[in-house]
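Engineer: Structure provided below as C-alpha cells; questions to follow.
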C-alpha cells in the first residue's frame, strides 16, 4: 500500500502528487523548484486533519489569501489547504517536527452509524474500554517498538526506539476514540498498537500482553495475536513544532486561513 503523502506517478494519484500539481498551476513553477515536503507519509486510507508541508518559491507573495484561494480552487473537493503561512528558512516540515498526535476511532455498536463509516472502524463486539485503557498505559514511555513496525521500502532505516507521551482511551457514546501522542511513529506502528488494544478490548488477551510483545522485539510475536487495524479509522490530527520555528519571518505577509480569516501570527489550534 503506497504512502499517500509521497510523490508517485500512479493511479490513483497520491495526495502529494495532487497538491504539487495544484501548486505548479498556481505558482507557475515546476515541482522540482517547489520541493514540496510533507511532515508524515500517511498510508492509503488514513486521514490527515493536521498534515503539515513546506514548499519553496524564489519570490514573496503580496497576499497569501489569493494563492490560498487559488490552491483550494484547483484541488479535488476532498483535499483542502487549511492554512498557508510564510516560514523561516530553517523550518522543515518533517525534520523540525518534535511530535505527532493520531486519533483512531472505533464505532462500537451492533448497527454502524452511516455518517461514521468512512472515519471509524466498526466493531460489533462489545469492547471493554477499561481493559483497553489499562493496556494503552503500557505503551507510554520510551520503548523499542520493533514488534509493532511493518517492513517498509524506505532507504533510511529508522530507530525503533520511540517515546509515547500519552495514549488515551476515551468513550464518547458508541464511539471509542484512541488518542496517541509521541515523539514520532514507525511504519504502521499506530495501527498495530490499536489492533492489539482491540484484542484486549474483546478480552481475547489480557492488558499485560503489551509489555510481553514489546519485550520480544519481533513482529512475528504480534502476529500471533492480531493483524493490523484498518486504515480508515486513523487520522493524523497534529504535528508539533517548537514555537520559535512557527514565528513568521520579519516583514512577512499575514498567515492565511482563507478569504475571510487572516491573522498576523501562525497559531493553529492543534499547536
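Going from the start of the chain as shown, residues are counted 1 onward.
Just so you know, glycine gets a Cβ as well, placed from its N, Cα and C.
Okay, these came from TrEMBL:
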- 43: active site, nucleophile (ACT_SITE)
- 102: substrate binding site (BINDING)
- 7-95: domain 'Pseudouridine synthase I TruA alpha/beta' (DOMAIN)
- 136-242: domain 'Pseudouridine synthase I TruA alpha/beta' (DOMAIN)
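What's the neighbourhood like for these features in this structure?
Structural biologist: Using a 10 Å radius centred on the Cβ of residue 43 (active site, nucleophile) and all shown protein chains, the other Cβ atoms total 17.
Around the Cβ of residue 102 (substrate binding site), the same chain contributes 179, 180, 181, 185, 190, 234, 235, 236, 237, each under 8 angstroms and 6 or more positions distant in sequence.
Taken together, the residues in the domain 'Pseudouridine synthase I TruA alpha/beta' (136-242) have a mean pLDDT of 95 on the 0 to 100 scale.
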Engineer: For the domain 'Pseudouridine synthase I TruA alpha/beta' (136-242), give the DSSP counts of helix residues, strand residues and coil residues.
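Structural biologist: Secondary-structure breakdown of the domain 'Pseudouridine synthase I TruA alpha/beta' (136-242): 34 helix, 31 strand, 42 coil.
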